[in-house]
Structures are given as structure tokens and as C-alpha cells.
Amino acid sequence: RGPAKVMIDWPNVTASSNQELGLKPEELQKSKCVLGFIPVIYYSILLCIGVPVNILTAVALCRLASRTKKALYYYLLAVTASDILSQLFIIFVGFLLETAVFHRDVPTLLLHSVSVAEFAANHASIWSTVPLTVDRYVALCHPLLHRQISYPARARKIIAVVLAVSIASGVPFFWWSDMWRDSHSPTALDGVLIWTHVTIIYFLPCSIFLVLNSLIIHTLRVRQREQLGKTTAMLLAITSVFSVLWAPRTIVVIYHLYVSTVHQDWRIHLAYDLSNMLAMLNTAVNFFLYCFVSKPFRSAVRDQQVPTNASISSLYSGNSKRFQRDFTPLSPHGARKPS
């Protein structure tokens, strides 16, 4: 889930800068955003749905983690927390505030600093799934070893390392170029950053997912007696949805680097906008995958609703009794006779 911001057709090249750069008229032709305000509406809806859903997911996973003491739920909780950060930094700050509201008319230092936060949250969201995959592989293929090395304290340490590395890996993207506004062709630095980006967020994690998931499925087939468990099915669903939703953006970014830029070709602009919208969808779908696959998760979600309903019913019942006690008139037998 990466820094994905869709640009609306704001003017971005001045006449003076054009003359200074010595660009040709055809090079100055900015691609149009054919989607108009659709991305603004889409990201607003995604944010309004995704953040509450992820908060609900985090509360449910916290209950399951404290109840079961399983490392699995700590890894899922890390993924959820990273998704929330991605939604806040990439969608809310990066797109809705910087782009749609301020039209990116903010200090350059702030723009680049936000880019660092976006990439760091993006990397944390993706790489939090890697230790989850490793944990499931060890649990199914080496169960005795899993009992020795998989416990909450170790999971928390691994998550802390992943978060620290993700923050550090976001620093080089302080120099990430604005694909929509930069009229020049990608430079050598842009090429290095783009390939580093697609390797970190797609090629490397997807390779790990492919290898470990293949080993898990092969092990289950060899044993034959064991069926695909709910936890393993949930893992396969998470990694498969990620691979599908992020593939278009990875392809478009590489195409932008070598063939035609987003700034010059409206078709690449459109493809980039749509691929970013798909990639950001991945930050809001895990709740529904968990509900569909995991019965303990569904129970934890229901448990959050039952106490609330019970407290409301109790409050209503108490108020009703108090109302009846205060306002019910005295019966003739209970009334005191005047002396």
C-alpha cells in the first residue's frame, strides 16, 4: 500500500520556468486528469470507511491477542496499525489535504517530509505481513520449532524491528519526484528511487509470499490428511489480494520510467490514477477478509457490540424504573390521611 495521490488538473508549469529549462512546446503539454473529482470522492469514502473499520479490527485483535497469547494476532495487529497510518498519511494528509485542498501550495520541505512518512507507513504495512507469513510457514511445516520460537514477546520484538527498518527505509524517498508535476524525463536518481520502491513494496515481499505459500501448500498436499486451516486460508487471502491490487501500480511506475511519463501522456496519467486507487483499497479490505475466514475474529467483533447494547438496555431500564417510582401516584391505601 504506497504513497498514492491522484492529481486534479491544476496548472503546474510557469512560462518563466519553461523558458529557463528550454523545453519544447510538446514537452510542456501536461496530461489531463480525465477522472476529474472522482478520486477526491473515492478517497473520501475510502477514508471514512477504512479508518473506523481498521480501528474496529485493531480492538478485536487486541482482545484476541490478550485472550489467546498467540503471536499470530500480534502480527495481524501490526498490519492493521500500519494500514491506519497509511490511510492517515497517504490518503488524508498526502492527497486530501496537500493536493485536493491546498493544491500542493505548501512549503517544499513539508512536501518531502510528508513523502518520507508516506513511504515509511507504506513499507511498514507491507512488511508487517512478512513475519506473519514466516510464522504460518513454521507453524505448519515445523510445528515443534514453532512452539519454541513463537510467543508474544518475540513477536513484539520482531514488529519493533520491522517498524524501525520501515522508518529508515522511508528516508531516501525525501527526494521522490512528483510524477504529475515534473515535466522533465526521469533522472538517474528517479530511476534508482523507483526501482528501490517497487523492489521494497512489491517484488521482494511477493517473492517471499510466493515461496513460503508454495511450501505451505506443498506440505499440506504431501500430508493429505490435513486440510487448509482457517488461519492459512486467511494468510493466502491477504497475500493474494495484496499481489493483485498492487500489480497495476508497479507496472505503471516502471512504464513511466522507461516509456512515457505520467506528466506527458494522459493515458499513463489515467492508468496511474486508477492503479493508485486500487492499491489504496488494500488498506481497507482486511477486516472483511478476517470476518469471512475467521470465526474467532467474528466472535471478537460481536463481543464489542454486546456490552454496548447491554449497557444501553440497562441504562434505559434503570431510567424507566426511576421514572415510574418518581411519577407514579400514590394508591388510596398508601396515601396518608390528614391528621
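Along the chain as shown, residues are numbered 1 onward.
Yeah, the Cβs are placed from backbone N, Cα and C, and that goes for glycine too.
Bear in mind that the values here come from a model prediction, so they are computed numbers and not experimental data.
Features of the protein shown, as given by TrEMBL:
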| type | residues | note |
| --- | --- | --- |
| DOMAIN | 53-290 | domain 'G-protein coupled receptors family 1 profile' |
| TRANSMEM | 40-61 | transmembrane segment |
| TRANSMEM | 73-97 | transmembrane segment |
| TRANSMEM | 155-176 | transmembrane segment |
| TRANSMEM | 192-212 | transmembrane segment |
| TRANSMEM | 233-258 | transmembrane segment |
| TRANSMEM | 270-293 | transmembrane segment |
Region pair the transmembrane segment (40-61) / the transmembrane segment (270-293), three or more CB pairs under 8 Å: yes
Same-chain residues at least 6 beyond the ends of the transmembrane segment (192-212) whose Cβ lies under 8 Å from its Cβ atoms: 1-2, 119, 122-123, 126-127, 129-130, 133-134, 136-137, 169, 172-173, 175-177, 186, 239, 242-243, 246-247, 250, 253-254, 256-257
Segment proximity, the transmembrane segment (73-97) to the transmembrane segment (155-176), 3 or more C-beta pairs under 8 Å: yes
